[in-house]
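Enquirer: I'd like to ask you about the structure that follows.
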Amino acid sequence: MGRVSFNVRVSSVRRARCSCPGRCYLSCRVPPTTALHALNGFGRAGVLGETAGGTVGLGPSGTRGFLSGSKFQASGSLKDCFGAPPAPDVLRADSSVGEGCPQKLVTANLLRFLLLVLIPCICALIVLLAILLSFVGTLKKVYFKSNDSEPLVTDGEVRVPGVIHVNRYENTGAPSMPPSQSIPAWTPRAPSLEDQSHGNTSTCVNITHRQCQILPYHSTLAPLLPIVKNMDTEKFLKFFTYLHRLGCYQHILLFGCSLAFPKCIVDGDDRHGLLPCRSFCEAAKEGCESVLGMVNSSWPDSLRCSQFRYHTENNSDASRICFSLQQEHGKQSLCGGGESFLCTSGLCISKKLQCNGYNDCDDWSDEAHCNCSEDLFHCGTGKCLHHSLVCDGYDDCGDLSDEQNCDCNLTKEHRCGDGRCIAAEWVCDGDHDCVDKSDEVNCSCPSQGLVECRSGQCIPSTFQCDGDEDCKDGSDEENCSDRPTPCPGGDRGCLDSSCVESCAGSSLCDSDSSLSNCSHCEPITLELCMNLPYNLTHYPNYLGHRTQKEASISWESALFPALVQTNCYKYLMFFACTILVPKCDVNTGQRVPPCRLLCEHSKERCESVLGIVGLQWPEDTDCSQFPEQSSDNQTCLLPNEDVEECSPSHFKCRSGRCVLGSRRCDGQADCDDDSDEENCGCKERDLWECPLNKQCLKHTLICDGFPDCSDSMDEKNCSFCQDDELECANHECVPRDLWCDGWTDCSDSSDEWGCVTLSKNGNSSSFLTVHRSARDHHVCADGWQETLSQLACRQMGLGEPSVTELVQGQEGQQWLRLHSSWENLNGSTLQELLVHRRSCPSGSEISLLCTKQDCGRRPAARMNKRILGGRTSRPGRWPWQCSLQSEPSGHICGCVLIAKKWVLTVAHCFEGREDADVWKVVFGINNLDHPSGFMQTRFVKTILLHPRYSRAVVDYDISVVELSDDINETSYVRPVCLPSPREFLEPDTYCYITGWGHMGNKMPFKLQEGEVRIIPLEQCQSYFDMKTITNRMICAGYESGTVDSCMIDSGGPLVCERPGGQWTLFGLTSWGSVCFSKVLGPGVYSNVSYFVDWIERQIYIQTFLQKKSQG
């Protein structure tokens, strides 16, 4: 039980009990407005307001006590407490708090506040489970038949059966309401299920609900439990879905499904349904009640196990009395038949995933009873390995069982405490490769490739003189001769050697200046924080972001809006914005911090929300760095009571609740008053409607050159070109005669795309064809040379020409012939060297075959190798992996080599850093901090971001990078293959992700790899409320949380192996959960297949086309 603050006079403080079942605010001055109404038939709980004098008074409806009206509302909502307008929360210690202005509080007020916070609060700190359900945002409205009666209230208690109760305490400060004269049918006094007849003459129906396909039967009757009868099935099952994700009981979802869809039993003309057995209920209650206990709740009374029957009653057939786990029929039945496999963890997976060498169950139970052939090693996890992978220093089994009790060659290897042998070069390299960390004992900093602080602490060399004090004694920022003057006002953002966007247009900036000299204010452009009481900010912010662009794609910019809709703290969004876009003092040009009290309240009330889903409060938001509001020498920010709670990224319900904007008009009511699902037509929302699938588009997406409708109707009828003109991809018109002439006339260069192709006739010959003036022309062979064949093959993105033949052409063909002085034209494209002619003197045309460029090969990799769960990768296994680096920051993002001069990465890596001169790309390295003999470095020449990249939804997150020079292709540096356009991966395909990323709180020096399974987009969307999953994205991971995506950095590859050992790039690590988990879902990758045309087009334009000279 924690300490909380009150905003009432001491004389009026009473031992009040929270009225809203399931959750209380930290302040008991106002009962909670965000309580859990899951699975319970209760109405809208009112709130005890505060009178002007500070005493406990009437609720919003004027009713004294705990109900918001004299009559129980039958259409109670799962989100009623969530949806009610939050009462003013306690933050101020004085009435002078105001409008985001700097606050300086006097000692008397502070003493008053300290006195008040010592008063013990009777309410629970927070109902974590309620917040979790709200966090995912799926709590819906629930309807109950209450016979128009009120819930029974006696002795200061609201006796509402079926409620997930919090601890009850006597309320001596408010009169009790009179008992209700009629008792709702769903109270404990209502007839129990044992007394009710299950007979039914209705027809059995098939179970179609996707989640409940795990049931071992396929037909059901109408729900039997009163609570299920009067509640939408989807809403009922949400409660069990989240308990399932918390892993409290492996069959909790099965239990919920058996309640929602009771088994239909046919007995002659009679039909009756089977509810779960009492033992099943007791097992579910035993497993999950402890989770509910964490939030001061208990197993719902409406699901009390005493109402269910024993399977041994009357010594009759148990299968016709109640539904049990039926272990005697095998576990398979619990997952819906022979097509599924039931993991020990309770997860149901496709049977085809069993015994495939992958940890799909998260507990290896799908691999536990698999047989290995005699020539293979059987891992403790059940996996089968080639014996050459045993005792090689790499964890191939996933549990290190292949590396136990090995005979180490002590001249070349180090023996870990568990018997594992690792390479000698891994000793003192900065990574803990031994489980017991014995490989990093008694190591000097230089031996690990690190720099030693004065205190003896080791840090990477790139951390020196970077503006951040990484050494605890600050010695890494001393004697920095090339460092500019210190940042004013304690700013810790002297992170870049050149002025960034925040300094653009400032007279303080020049080519030699630094962020430390940029002290002016800039307008707030971060959408989340556009409704603040101030409109100027100063960077870097308090989370270390150097620009607003960087802040907009940060994890925190997604975290805080998601937390806002949990109602964990009224002023959370205000606090978030004060650290994301700090207020800029126009007089000093310095940041104005939030007050420490605001930070502490935000953290106290919302940190536990993150804890239940395995996340931590952002570590950079240490409240001790912010001043007390009573400080005499520094001002700080506190919010006004009427500060806007909803950010521009939220939709504000009529009730005042904030829901994510992405959930507006999504077909499911998230507002307690359903206002988010009103006026949802495209025209009503001023959007354009696709004719085929009725998809709504912003008008800015119409006729922009990128099809968005499934039938591309948004790009039709966009321009009206003359008969002698052709339409560019961006709907400009150019003269027909200029099409494919080697000079770009369309502003998007589309008049020069795909001009050279190979076409087949009846035989096997491939004829060279040029699409001039919108007509295909054959190329006359007169004067042809091999260098022209090479140019043609390169222009089509192929390898060297293998065959060039002169073949007799046909009568009536359209001909192009070489320009008489083509050798002097210095042309970069084939079409530029050709001119239109009516005939070809020889009558021969060019037949050409080009080789395919070799890609996706790994000559240095050891084959037959699988690594799970994020293990260190062997050198040479991923020769296309590269590191995108900048000075002085070092490694920033991963990248992928796709051609000798071209790499791919994600667009958001360049947010605020789009100058190619500050970047370089490093190839052929496994350990970032140790140079390799295979390493190659190239500077960046050109950065091409996708024009439709949106940082708001991180869509179209891809960029093409041109290198200054070609790489030298070796066994350790080679390009990966690109997929065919629109070649999509099937669900349950296994692929690899690689990168350096982060593991825990440190970045590993060695390249990491892990296997992930492709997850359907519709399933993926269910994990993400803040973002919309589009077909430009791929979802991959494990629902069970096997692979840790913390290890993978942005821009790293997702590659899949084709038959024959060739690897193809299908994804680039873009965004997703901070780490894979049951609650947070998979990682999201840019779908390379969708962008292949665009990628090849950019390479073609940069390589071959030249802009038509003006004038």
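Here the Cβ of each residue, glycine as well, is placed from N, Cα and C on the backbone.
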Enquirer: Based on the annotations in Swiss-Prot, which residue of Asn147, Asn206, Asn371, Asn717 is described as N-linked glycosylation site?
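Expert: Annotated as N-linked glycosylation site in Swiss-Prot: Asn147.
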Enquirer: Say a student had to find the N-linked glycosylation site annotation in Swiss-Prot: which of Asn633, Asn763, Asn826 would be the correct pick?
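Expert: Record lookup, Swiss-Prot, feature N-linked glycosylation site, residue Asn763.
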Enquirer: Of the residues Asn296, Asn968, give the one that Swiss-Prot describes as N-linked glycosylation site.
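Expert: Record lookup, Swiss-Prot, feature N-linked glycosylation site, residue Asn296.
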Enquirer: What does Swiss-Prot give as the disulfide partner of Cys248, choosing from Cys204, Cys212, Cys288, Cys305?
Expert: Cys288
Enquirer: Tell me, from Cys521, Cys529, Cys599, Cys606, which cysteine Swiss-Prot puts in a disulphide with Cys568.
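Expert: Among Cys521, Cys529, Cys599, Cys606, the record in Swiss-Prot lists Cys606 as the disulfide partner of Cys568.
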Enquirer: At the Cα level, what's the spacing in Å between Asn535 (N-linked glycosylation site) and Cys646 (disulfide bond), rounded?
Expert: 17
Enquirer: Restricting to CB pairs under 8 Å, which listed stretch, 199-325, 444-481, 645-681, is in contact most with the domain 'Peptidase S1' (867-1100)?
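Expert: Highest pair count goes to 444-481.
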Enquirer: Restricting to the same chain and to residues at least six past its boundaries, which positions have a Cβ under 8 Å from a Cβ of the domain 'LDL-receptor class A 6' (681-719)?
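Expert: Non-local partners: 665, 727, 729-733, 748, 948.
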Enquirer: Out of Cys379, Cys445, Cys458, which of these disulfide-bonded residues is nearest Cys248 (disulfide bond) by C-alpha distance?
Expert: Cys379
Enquirer: Compare the Cα of Cys458 (disulfide bond) against each of the disulfide-bonded residues Cys277, Cys671, Cys740 and report the nearest.
Expert: Cys671
Enquirer: Which chain-mates of Cys893 (disulfide bond) that are at least 6 residues away have a CB under 8 A from its CB, listed by sequence?
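Expert: Sequence-distant Cβ neighbours: Leu884, Thr905, Val906, Cys909, Asp1049, Ser1050, Gly1051, Gly1052.
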Enquirer: By CA distance, which of the disulfide-bonded residues (Cys453, Cys696, Cys718, Cys728, Cys746) lies nearest to Cys277 (disulfide bond)?
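Expert: Given the candidates Cys453, Cys696, Cys718, Cys728, Cys746, the nearest one is Cys696.
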Enquirer: Using a Cβ-Cβ cut-off under 8 angstroms and a sequence gap of six or more, which residues of the chain neighbour Cys740 (disulfide bond)?
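Expert: Asp751, Glu752, Cys755, Val770, His771, Arg772, Ser773, Gln831 - these are the non-local Cβ neighbours of Cys740 (disulfide bond), listed in sequence order.
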Enquirer: How do the residues of the domain 'SRCR' (756-851) split into helix, strand and coil according to DSSP?
Expert: 16 helix, 41 strand, 39 coil
Enquirer: With DSSP as the yardstick, break the domain 'LDL-receptor class A 4' (444-481) down into helix, strand and coil residue counts.
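Expert: Per-class counts: 9 helix, 4 strand, 25 coil.
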Enquirer: Can you tell which of the disulfide-bonded residues Cys671, Cys682, Cys703, Cys718 lies nearest to Cys658 (disulfide bond) in space, using Cα positions?
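Expert: It is Cys671, whose Cα lies nearest.
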Enquirer: Hey, what's the Cβ neighbour count for Cys471 (disulfide bond) at 10 Å?
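Expert: For Cys471 (disulfide bond), the count of other Cβ atoms within 10 Å is 21.
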